[in-house]
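Record features (Swiss-Prot):
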- HIS11: active site, tele-phosphohistidine intermediate (ACT_SITE)
- GLU89: active site, proton donor/acceptor (ACT_SITE)
- 10-17, 23-24, ARG62, 89-92, LYS100, 116-117, 185-186: substrate binding site (BINDING)
- HIS184: site 'Transition state stabilizer' (SITE)
Amino acid sequence: MAVTKLVLVRHGESVWNKENRFTGWTDVELSDKGRNEAQEAGKLLKAEGFTFDYAYTSVLKRAIHTLWNILDEVDQQWLPVEKSWKLNERHYGALQGLNKAETAEKYGDEQVKQWRRGFAVTPPELTKDDDRFPGKDPRYASLTEAELPLTESLALTIDRVTPYWEEVIKPRVASGDKVIIAAHGNSLRALVKYLDNMSEEEILELNIPTAVPLVYEFDENMKPIKRYYLGNAEEIAAKAAAVANQGKAK
């Protein structure tokens, strides 16, 4: 049976991850730790014999720079890369820039967990005159008003990620190309939920660690037959638990 592989990678730790802030579409840089994480991911992929034919990422530099660091390590800097806003992080609305623990102290752990992990729950909206509104950013100039979010739930994130998967990425993977996607915690959760047909309850508890390669194997019908992380299982579990704890009051 022919097996096709796909690699998903959440970006390395960003400056706002380090500060425990809601980031969303805010374009923040990787921290020093995040750059190191991305480099280690690339080294791990190289050691495991992975090479790629094509790459996808978002239009946010923490994901783009994660991909660059990985491609440096596997010595494929020349690889064709397609960037799309449809792979952006979920838009966190008026929460963007706020500290997660302080927000939990104000609104309670359960409310923040629902904002972060609830399937159809949207954070408070931005207003269009807010400087954080994506309509003010030139990289989104081609988007229609309906496409510019004021906030997003995971369900709404799925609504933009899955058509991009079906129409753009999946045909390339199905053709036999070896593809890597460098994106974000929630855009990747959206894709994992779709690929694995997860329930809303299951996706609530899924936390994707930073810069750990997640490998999918597909059969000839593009049905997922295996999903696994590369790396030390205990370290990966600890990183995933740290992601889960970000939204709790101290």
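Cβ coordinates come from backbone N, Cα and C, glycine included.
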Message: According to DSSP, collapsed to three classes, what secondary structure does ARG90 (substrate binding site) have?
response: coil
Field: Of ARG90, HIS184 (the recorded positions), the residue whose Cβ has the fewest other Cβ atoms within 10 Å
entry: HIS184
Minimum Cα separation from HIS184 (site 'Transition state stabilizer'), reported as the residue among binding-site residues GLU13, TRP16, ARG90 that achieves it: ARG90
Query: Helix, strand or coil: which one is HIS11 (active site, tele-phosphohistidine intermediate) in, per DSSP?
result: coil
Query: What Cα-Cα separation, expressed in whole Å, is found between GLU89 (active site, proton donor/acceptor) and GLY24 (substrate binding site)?
result: 5
- request: Mind telling me which of the recorded positions HIS11, GLU13, TRP16, GLY24, LYS100 has the densest Cβ neighbourhood, counting other Cβ atoms within 10 Å?
  value: HIS11
- prompt: Among the binding-site residues listed here (GLY24, ARG90, LYS100, GLY185), which has the Cα closest to the Cα of the residue listed as 'active site, tele-phosphohistidine intermediate'?
  reply: GLY185
Message: With Cβ-Cβ distance below 8 Å and at least 6 positions apart along the chain, what are the contacts of ARG10 (substrate binding site)? List them in sequence order.
response: ALA182, ALA183, HIS184, GLY185, LEU188, ILE208, PRO209, THR210, ALA211, VAL212
Field: Which of GLU89, GLY185, the listed recorded positions, has fewest other Cβ atoms within 10 Å
entry: GLY185
